[in-house]
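Read through the structure below, which is laid out as structure tokens, and then see the notes.
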Amino acid sequence: MEKYMSLKKKISYSEDKDVSGSEKANELLKWLQAYIPGKDSNIVVEHEPSKDAAKELIRGDYRWGHQDDDKSKAFQLKYTFLESKPDDMPWHISEFSAFNEKQKAAAKLSIQSWADVANINFVETTDAKEANITFGFFDVSLTGSYAFAYLPRPEKTQLGTWYNAKSRTFSNNDIDVNGYGRQTFTHEIGHTLGLQHPADYNASDEVSPTYKNSATYFEDSRAYTVMSYFSEKNTGQDFKGIYSSAPLLNDISAIQAVYGANNTIRADDTVYGFNSNTDRDFYTAKDENSKLLFTAWDTGGNDTFDFSGFTQDQRINLNEASFSDVGGLKGNVSIARGVTIENAIGGSGNDVLIGNDAANTLKGGAGDDIIYGGLGADNLWGGEGKDTFVYLSAKESPPLERDWIHDFVSGEDKIDVSLFDLGEAGKGGVRFVREFTGEVGEAVLRYNTVDKVNDFAINLGGEFSYDDFWVKIVGEPILESDFILS
């Protein structure tokens, strides 16, 4: 087909276009808009979304006195676990107690989770006088406090984080991954780093804060930030009673705006989920009953979301700032802004895999999957089951960056171009012809008997060129009936 290439043409797919496609293509469109307020019909939008949601967490510009504006250098903070009552213990709490070893280990994991995303060097010290951040328990609170911490100020060299020892969340499995106690450690440490609640509410308010009455913008939920008081269900997600152990989407953006990013962590090929090499419990799935809740921060390499051990129907989206439904939860996995995850592996359910602009490798696994590579030269596997490979525009597989479909089974799998954008001149839709004549929407199917590769191409008009569409399908000859054209 090289002879068809010549002139360049511009065309792109429009989400707002008035189109009707197949059931699978429309399901893909639905998931491309998932968790976007105003586009996802499952979300009741009580507050307007904010373009500055992450900045709201640092709206007070709280900073340490020894902090400068050079974010290229790691900022050092020392911390300690108090062993005795300090002289300046807050007036409204009493009956001090120290952290035990398990509690210390959990708090250190929360500290580590902040160091993973920000250019901060945390150093443990046993000298309480030189510590910037202290950890301690209390048994009695005149104000009924569960936990609290202080925000940094230029005149302060030490801040305390305090936790109610009588709360069961700090004495049982709740300080393990996904527990409320573990999230509390992460939340209070966030305060000592300068992060506020998303709006001006607090547990000490006379009237208990609620999302409806206290949130000032849409993203004030535990799907976007560990600094929120409000359930992720308010923004469309559902974590089934678990809590994030590490900073989430807006936390990461906010903390990096203050301290700079950790640009050295996970710079190699990283696997999240099953077969994880992250050495982080919140990024790791051990069996089909594992529950994942995280925002991925990654700085390089060829990286993979491996959710192969789950049996539920999953929706895996590799685009930055997107949310995925993984392992039976809703919107529980997200990707930090500026991060590229290249690959995804689905499980044994009927999954939807959505690629990004990179060269993705997408593997659906068992089940009847929908595979969408997006831009970039992608390698696609449907796996067992009746799989559908969807294309929406020529930019998703141009001749010089062709996709490869590796395990297509004629009579079972489908290639769906029912929503393929042909521009204003392509009202006739995609249709098969024996040879290109220059008409918009003409499609040609060829088979190379030597290489055992099918070539499927669509012309956008005129002589076939580098801006048209061409995908390679490995295996036995496929038929026109294997395609969904409308």
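Cβ from N, Cα, C; glycine included.
Among HIS92, HIS197, the residue that Swiss-Prot places alongside HIS187, HIS191 at the Zn(2+) binding site is HIS197.
With a cut-off of 8 Å between Cβ atoms, the residues of this chain six or more beyond the repeat 'Hemolysin-type calcium-binding 2' (363-380) that come close are 24, 27-28, 32, 308, 313, 318-319, 343-357, 386-392, 395-397, 401-406. When Cα-Cα distances from ARG266 (Ca(2+) 1 binding site) are compared across the recorded positions HIS187, GLU188, HIS197, GLY301, THR340, the shortest belongs to GLY301.
Residues 27-28, 31-32, 304-320, 322, 368-381, 383, 385, 401 of the same chain, all 6+ positions outside the repeat 'Hemolysin-type calcium-binding 1' (345-362), place their C-beta atoms under 8 angstroms from a C-beta of that stretch. In terms of Cα distance, none of the recorded positions chosen from HIS187, GLU188, HIS191, HIS197 sits within 10 Å of GLY301 (Ca(2+) 2 binding site). For the repeat 'Hemolysin-type calcium-binding 2' (363-380), DSSP puts the residue distribution at 0 helix, 6 strand, 12 coil.
DSSP assigns HIS197 (Zn(2+) binding site) to coil, not to a helix or a strand. Note: HIS191 (Zn(2+) binding site) has non-local neighbours ALA149, TYR150, LEU151, THR161, MET227, i.e. same-chain residues 6+ apart with C-beta under 8 A of its own C-beta.
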